[in-house]
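Copied over from Swiss-Prot, here are the features:
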- 1-43: topological domain 'Cytoplasmic' (TOPO_DOM)
- 44-64: transmembrane segment (TRANSMEM)
- 68-88: transmembrane segment (TRANSMEM)
- 89-348: topological domain 'Cytoplasmic' (TOPO_DOM)
- 105-126: coiled coil (COILED)
- 142-211: region 'Disordered' (REGION)
- 277-302: zinc finger (ZN_FING)
- 313-348: region 'Disordered' (REGION)
- 339-348: compositional bias 'Basic and acidic residues' (COMPBIAS)
(Lines of atoms letter the chains of each structure in order from A and count residues from 1; the text may use other names and numbers.)
(Lines give C-alpha, C1' and ligand atoms only; values in the text may rest on other atoms or scores of the structure.)
Protein backbone atom coordinates (compact mmCIF):
# COMPACT_ATOMS: atom_id res chain seq x y z
CA UNK A 1 0.00 0.00 0.00
CA UNK A 2 2.88 2.34 0.69
CA UNK A 3 3.98 2.10 -2.92
CA UNK A 4 0.60 3.31 -4.17
CA UNK A 5 0.50 6.09 -1.61
CA UNK A 6 3.67 7.62 -2.92
CA UNK A 7 3.11 10.67 -5.03
CA UNK A 8 4.05 10.49 -8.67
CA UNK A 9 7.17 12.36 -9.69
CA UNK A 10 6.26 15.65 -11.42
CA UNK A 11 7.03 15.77 -15.10
CA UNK A 12 9.28 18.32 -16.79
CA UNK A 13 6.29 20.23 -18.14
CA UNK A 14 4.76 20.55 -14.66
CA UNK A 15 8.06 21.76 -13.20
CA UNK A 16 8.42 24.36 -15.95
CA UNK A 17 4.82 25.49 -15.45
CA UNK A 18 5.44 25.99 -11.73
CA UNK A 19 8.64 27.93 -12.44
CA UNK A 20 6.82 30.13 -14.96
CA UNK A 21 4.11 30.90 -12.40
CA UNK A 22 6.70 31.85 -9.78
CA UNK A 23 8.57 34.02 -12.30
CA UNK A 24 5.36 35.81 -13.24
CA UNK A 25 4.51 36.39 -9.57
CA UNK A 26 7.97 37.79 -8.84
CA UNK A 27 7.84 40.08 -11.88
CA UNK A 28 4.46 41.36 -10.72
CA UNK A 29 5.92 41.96 -7.27
CA UNK A 30 8.78 43.99 -8.76
CA UNK A 31 6.35 46.23 -10.61
CA UNK A 32 4.18 46.46 -7.50
CA UNK A 33 7.13 47.48 -5.32
CA UNK A 34 8.09 50.23 -7.75
CA UNK A 35 4.56 51.61 -7.79
CA UNK A 36 4.30 51.45 -4.00
CA UNK A 37 7.61 53.26 -3.57
CA UNK A 38 6.56 56.09 -5.91
CA UNK A 39 3.16 56.40 -4.24
CA UNK A 40 4.50 56.40 -0.66
CA UNK A 41 7.32 58.85 -1.38
CA UNK A 42 4.99 61.14 -3.32
CA UNK A 43 2.41 61.18 -0.55
CA UNK A 44 5.10 61.80 2.05
CA UNK A 45 6.39 64.84 0.19
CA UNK A 46 2.90 66.18 -0.52
CA UNK A 47 1.64 65.84 3.06
CA UNK A 48 4.89 67.20 4.47
CA UNK A 49 4.72 70.32 2.30
CA UNK A 50 1.07 70.93 3.20
CA UNK A 51 1.74 70.40 6.91
CA UNK A 52 4.77 72.68 6.78
CA UNK A 53 2.81 75.48 5.13
CA UNK A 54 -0.18 75.15 7.46
CA UNK A 55 2.03 75.12 10.56
CA UNK A 56 3.91 78.17 9.34
CA UNK A 57 0.70 80.11 8.70
CA UNK A 58 -0.80 79.17 12.11
CA UNK A 59 2.36 80.00 14.06
CA UNK A 60 2.86 83.28 12.23
CA UNK A 61 -0.76 84.31 12.76
CA UNK A 62 -1.44 83.34 16.41
CA UNK A 63 1.57 81.96 18.24
CA UNK A 64 4.45 84.14 17.09
CA UNK A 65 6.20 85.49 20.23
CA UNK A 66 7.49 89.04 20.43
CA UNK A 67 10.85 88.17 21.96
CA UNK A 68 13.79 87.20 19.73
CA UNK A 69 14.78 84.15 21.76
CA UNK A 70 11.23 82.81 21.62
CA UNK A 71 11.15 83.28 17.86
CA UNK A 72 14.45 81.37 17.47
CA UNK A 73 13.19 78.51 19.63
CA UNK A 74 9.92 78.38 17.71
CA UNK A 75 11.68 78.52 14.34
CA UNK A 76 14.03 75.63 15.17
CA UNK A 77 11.41 72.92 14.39
CA UNK A 78 10.76 74.58 11.04
CA UNK A 79 14.46 74.22 10.22
CA UNK A 80 14.65 70.58 11.33
CA UNK A 81 11.41 69.46 9.70
CA UNK A 82 12.73 69.44 6.05
CA UNK A 83 15.79 67.47 7.17
CA UNK A 84 13.54 64.95 8.92
CA UNK A 85 11.40 64.57 5.79
CA UNK A 86 14.49 64.04 3.62
CA UNK A 87 15.84 61.34 5.99
CA UNK A 88 12.46 59.61 6.04
CA UNK A 89 12.33 59.68 2.24
CA UNK A 90 15.77 58.06 2.03
CA UNK A 91 14.73 55.34 4.49
CA UNK A 92 11.62 54.51 2.46
CA UNK A 93 13.58 54.35 -0.79
CA UNK A 94 16.19 52.09 0.82
CA UNK A 95 13.48 49.82 2.24
CA UNK A 96 11.76 49.31 -1.11
CA UNK A 97 15.12 48.94 -2.86
CA UNK A 98 16.08 46.09 -0.52
CA UNK A 99 12.77 44.34 -1.17
CA UNK A 100 13.18 44.76 -4.92
CA UNK A 101 16.75 43.46 -4.75
CA UNK A 102 15.69 40.32 -2.87
CA UNK A 103 12.91 39.80 -5.38
CA UNK A 104 15.39 40.14 -8.26
CA UNK A 105 17.71 37.57 -6.67
CA UNK A 106 14.86 35.06 -6.46
CA UNK A 107 13.88 35.86 -10.03
CA UNK A 108 17.42 35.26 -11.32
CA UNK A 109 17.59 31.93 -9.46
CA UNK A 110 14.32 30.78 -11.02
CA UNK A 111 15.46 31.82 -14.51
CA UNK A 112 18.75 29.97 -14.08
CA UNK A 113 16.87 26.89 -12.88
CA UNK A 114 14.54 27.09 -15.88
CA UNK A 115 17.48 27.50 -18.27
CA UNK A 116 19.18 24.45 -16.79
CA UNK A 117 16.00 22.36 -17.13
CA UNK A 118 15.62 23.41 -20.77
CA UNK A 119 19.22 22.40 -21.49
CA UNK A 120 18.55 19.01 -19.92
CA UNK A 121 15.38 18.70 -22.02
CA UNK A 122 17.35 19.19 -25.24
CA UNK A 123 19.75 16.44 -24.17
CA UNK A 124 17.38 13.88 -22.65
CA UNK A 125 13.99 14.25 -24.34
CA UNK A 126 13.14 13.20 -27.87
CA UNK A 127 13.16 15.70 -30.71
CA UNK A 128 9.37 16.01 -30.84
CA UNK A 129 8.93 16.51 -27.09
CA UNK A 130 11.89 18.88 -26.90
CA UNK A 131 10.50 20.94 -29.78
CA UNK A 132 7.09 21.23 -28.11
CA UNK A 133 8.63 22.19 -24.76
CA UNK A 134 10.88 24.81 -26.35
CA UNK A 135 8.02 26.29 -28.35
CA UNK A 136 5.95 26.61 -25.17
CA UNK A 137 8.48 27.68 -22.55
CA UNK A 138 11.34 29.22 -24.58
CA UNK A 139 9.99 30.69 -27.83
CA UNK A 140 12.90 33.13 -28.23
CA UNK A 141 15.55 30.42 -28.49
CA UNK A 142 13.27 28.47 -30.84
CA UNK A 143 12.98 31.46 -33.16
CA UNK A 144 16.73 31.98 -32.98
CA UNK A 145 17.49 28.37 -33.92
CA UNK A 146 14.98 28.53 -36.78
CA UNK A 147 16.57 31.74 -38.04
CA UNK A 148 20.06 30.25 -37.86
CA UNK A 149 18.97 27.13 -39.72
CA UNK A 150 17.25 29.10 -42.50
CA UNK A 151 19.68 29.75 -45.40
CA UNK A 152 19.92 33.38 -46.31
CA UNK A 153 20.56 34.08 -49.98
CA UNK A 154 22.92 36.83 -51.11
CA UNK A 155 21.28 40.18 -51.48
CA UNK A 156 22.48 42.83 -53.86
CA UNK A 157 22.43 46.14 -52.01
CA UNK A 158 23.27 49.25 -53.99
CA UNK A 159 26.25 51.26 -52.88
CA UNK A 160 25.78 54.81 -51.57
CA UNK A 161 24.99 57.07 -54.49
CA UNK A 162 24.41 54.22 -56.94
CA UNK A 163 20.66 54.78 -57.02
CA UNK A 164 21.33 58.25 -58.44
CA UNK A 165 23.54 56.93 -61.20
CA UNK A 166 21.24 54.17 -62.41
CA UNK A 167 19.19 55.48 -65.30
CA UNK A 168 17.41 53.55 -68.03
CA UNK A 169 18.50 54.93 -71.41
CA UNK A 170 16.05 54.04 -74.17
CA UNK A 171 17.36 55.15 -77.58
CA UNK A 172 14.82 56.37 -80.12
CA UNK A 173 14.93 53.98 -83.08
CA UNK A 174 12.53 53.28 -85.94
CA UNK A 175 10.00 50.42 -85.64
CA UNK A 176 12.08 48.19 -87.90
CA UNK A 177 14.96 48.17 -85.43
CA UNK A 178 12.53 47.40 -82.57
CA UNK A 179 11.22 44.42 -84.48
CA UNK A 180 14.73 43.22 -85.10
CA UNK A 181 15.48 43.59 -81.38
CA UNK A 182 12.40 41.52 -80.48
CA UNK A 183 13.47 38.90 -83.01
CA UNK A 184 16.89 38.82 -81.46
CA UNK A 185 15.30 38.35 -78.04
CA UNK A 186 13.39 35.32 -79.37
CA UNK A 187 16.73 33.75 -80.34
CA UNK A 188 18.88 33.81 -77.17
CA UNK A 189 22.10 32.39 -78.71
CA UNK A 190 22.21 35.23 -81.28
CA UNK A 191 21.60 38.05 -78.78
CA UNK A 192 25.22 38.31 -77.72
CA UNK A 193 26.58 38.51 -81.26
CA UNK A 194 26.42 41.45 -83.70
CA UNK A 195 22.97 42.44 -84.93
CA UNK A 196 23.97 42.62 -88.60
CA UNK A 197 26.55 40.47 -90.38
CA UNK A 198 29.59 42.28 -91.57
CA UNK A 199 29.15 45.17 -89.13
CA UNK A 200 30.70 45.58 -85.74
CA UNK A 201 28.45 46.11 -82.74
CA UNK A 202 30.78 48.78 -81.33
CA UNK A 203 30.26 52.33 -82.51
CA UNK A 204 32.71 55.17 -82.78
CA UNK A 205 34.51 56.25 -79.59
CA UNK A 206 32.42 59.41 -79.27
CA UNK A 207 28.99 58.16 -80.27
CA UNK A 208 26.35 56.19 -78.36
CA UNK A 209 26.38 52.40 -79.01
CA UNK A 210 22.71 51.96 -79.94
CA UNK A 211 23.00 48.36 -81.14
CA UNK A 212 24.95 47.30 -78.08
CA UNK A 213 22.32 48.87 -75.81
CA UNK A 214 19.54 47.15 -77.76
CA UNK A 215 21.24 43.77 -77.39
CA UNK A 216 21.73 44.30 -73.65
CA UNK A 217 18.09 45.40 -73.20
CA UNK A 218 16.84 42.36 -75.13
CA UNK A 219 19.03 40.03 -73.08
CA UNK A 220 17.83 41.56 -69.79
CA UNK A 221 14.17 41.30 -70.82
CA UNK A 222 14.71 37.64 -71.74
CA UNK A 223 16.38 36.94 -68.40
CA UNK A 224 13.50 38.58 -66.52
CA UNK A 225 11.06 36.21 -68.20
CA UNK A 226 12.85 33.01 -67.20
CA UNK A 227 14.25 34.03 -63.79
CA UNK A 228 12.19 33.62 -60.64
CA UNK A 229 11.49 36.69 -58.47
CA UNK A 230 14.16 37.46 -55.90
CA UNK A 231 17.02 36.03 -57.97
CA UNK A 232 19.73 38.65 -58.61
CA UNK A 233 20.26 39.37 -62.32
CA UNK A 234 23.92 39.92 -63.25
CA UNK A 235 24.67 43.27 -64.82
CA UNK A 236 21.46 45.01 -63.70
CA UNK A 237 21.94 48.21 -61.69
CA UNK A 238 25.69 48.31 -62.25
CA UNK A 239 27.66 51.07 -63.92
CA UNK A 240 27.69 50.64 -67.75
CA UNK A 241 31.02 50.12 -69.52
CA UNK A 242 32.50 53.41 -70.55
CA UNK A 243 34.12 56.51 -69.11
CA UNK A 244 33.83 57.08 -65.37
CA UNK A 245 31.77 59.81 -63.82
CA UNK A 246 33.16 63.30 -64.20
CA UNK A 247 32.70 64.00 -60.49
CA UNK A 248 31.72 61.64 -57.65
CA UNK A 249 28.16 61.44 -56.31
CA UNK A 250 28.05 62.31 -52.63
CA UNK A 251 26.19 59.76 -50.45
CA UNK A 252 22.91 60.73 -48.82
CA UNK A 253 23.65 59.22 -45.42
CA UNK A 254 26.52 61.14 -43.83
CA UNK A 255 27.62 61.16 -40.22
CA UNK A 256 27.92 64.08 -37.84
CA UNK A 257 31.70 64.25 -38.35
CA UNK A 258 31.30 64.40 -42.14
CA UNK A 259 28.73 67.19 -41.87
CA UNK A 260 30.99 69.13 -39.49
CA UNK A 261 33.96 68.82 -41.86
CA UNK A 262 31.78 69.86 -44.82
CA UNK A 263 30.58 72.90 -42.87
CA UNK A 264 34.13 73.93 -41.95
CA UNK A 265 35.59 73.32 -45.42
CA UNK A 266 32.57 74.68 -47.29
CA UNK A 267 31.89 71.45 -49.18
CA UNK A 268 28.81 69.26 -49.41
CA UNK A 269 25.73 68.71 -51.59
CA UNK A 270 24.40 72.18 -50.82
CA UNK A 271 27.63 73.69 -52.20
CA UNK A 272 27.75 71.57 -55.38
CA UNK A 273 25.86 71.55 -58.68
CA UNK A 274 24.79 68.44 -60.60
CA UNK A 275 26.43 67.60 -63.93
CA UNK A 276 23.49 66.55 -66.13
CA UNK A 277 24.04 65.24 -69.64
CA UNK A 278 22.51 67.43 -72.36
CA UNK A 279 21.46 64.42 -74.46
CA UNK A 280 20.14 61.73 -72.07
CA UNK A 281 19.68 63.91 -68.92
CA UNK A 282 21.65 61.44 -66.78
CA UNK A 283 23.35 62.35 -63.51
CA UNK A 284 27.15 62.42 -63.86
CA UNK A 285 28.22 63.56 -60.41
CA UNK A 286 28.33 66.87 -58.59
CA UNK A 287 30.92 69.60 -59.21
CA UNK A 288 31.84 72.56 -57.07
CA UNK A 289 30.21 75.89 -57.85
CA UNK A 290 33.58 77.42 -58.73
CA UNK A 291 34.39 74.81 -61.38
CA UNK A 292 30.87 74.03 -62.62
CA UNK A 293 30.98 76.50 -65.53
CA UNK A 294 34.39 75.26 -66.73
CA UNK A 295 33.94 71.45 -66.55
CA UNK A 296 33.74 69.51 -69.81
CA UNK A 297 32.80 65.84 -69.40
CA UNK A 298 31.77 62.80 -71.39
CA UNK A 299 28.53 61.16 -70.25
CA UNK A 300 29.05 57.79 -68.58
CA UNK A 301 25.78 56.46 -70.05
CA UNK A 302 25.42 57.73 -73.63
CA UNK A 303 29.08 58.81 -74.15
CA UNK A 304 28.01 62.28 -75.32
CA UNK A 305 30.70 64.91 -74.95
CA UNK A 306 29.28 67.84 -72.98
CA UNK A 307 31.36 70.97 -73.60
CA UNK A 308 32.17 73.47 -70.91
CA UNK A 309 29.76 76.37 -70.52
CA UNK A 310 32.57 78.89 -70.27
CA UNK A 311 36.25 79.00 -71.14
CA UNK A 312 38.53 79.30 -68.18
CA UNK A 313 40.28 82.70 -68.32
CA UNK A 314 44.05 82.63 -68.61
CA UNK A 315 46.31 85.02 -66.76
CA UNK A 316 48.15 87.58 -68.93
CA UNK A 317 51.78 86.95 -69.69
CA UNK A 318 54.18 88.83 -67.46
CA UNK A 319 56.40 91.42 -69.25
CA UNK A 320 60.11 90.74 -69.47
CA UNK A 321 62.28 92.83 -67.14
CA UNK A 322 65.69 94.30 -67.92
CA UNK A 323 67.48 92.17 -65.36
CA UNK A 324 66.51 88.85 -66.97
CA UNK A 325 69.38 87.01 -68.70
CA UNK A 326 69.12 86.88 -72.46
CA UNK A 327 69.35 83.65 -74.35
CA UNK A 328 72.47 83.16 -76.46
CA UNK A 329 71.81 83.55 -80.18
CA UNK A 330 73.65 82.68 -83.30
CA UNK A 331 76.00 85.36 -84.60
CA UNK A 332 75.05 84.65 -88.20
CA UNK A 333 71.32 85.24 -87.61
CA UNK A 334 69.79 88.45 -88.88
CA UNK A 335 68.10 89.22 -85.56
CA UNK A 336 71.34 89.25 -83.64
CA UNK A 337 72.89 91.44 -86.30
CA UNK A 338 70.01 93.89 -86.10
CA UNK A 339 70.35 94.08 -82.33
CA UNK A 340 74.06 94.80 -82.63
CA UNK A 341 73.36 97.59 -85.15
CA UNK A 342 70.83 99.16 -82.78
CA UNK A 343 73.31 99.03 -79.92
CA UNK A 344 76.06 100.62 -82.06
CA UNK A 345 73.71 103.41 -83.19
CA UNK A 346 72.70 104.16 -79.66
CA UNK A 347 76.38 104.25 -78.62
CA UNK A 348 77.17 106.83 -81.31
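Here the Cβ of each residue, glycine as well, is placed from N, Cα and C on the backbone.
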Long-range neighbours of the transmembrane segment (68-88), counting only residues six or more past its ends (CB under 8 A):
44-45, 48, 52, 55-56, 59
Could you give the residue numbers and ranges of same-chain residues that sit at least 6 residues beyond the topological domain 'Cytoplasmic' (1-43) on either side and whose C-beta is under 8 angstroms from one of its C-beta atoms?
89, 92-93, 96-97, 99-100, 103-104, 106-107, 110-111, 113-114, 117-118, 121, 125, 133, 136-137
Structural state census, the zinc finger (277-302) (DSSP three-state):
3 helix, 8 strand, 15 coil
Counting by DSSP secondary structure, give me helix, strand and coil numbers for the topological domain 'Cytoplasmic' (1-43).
36 helix, 0 strand, 7 coil
Express the predicted model's confidence over the zinc finger (277-302) as a mean pLDDT, rounded to an integer.
85
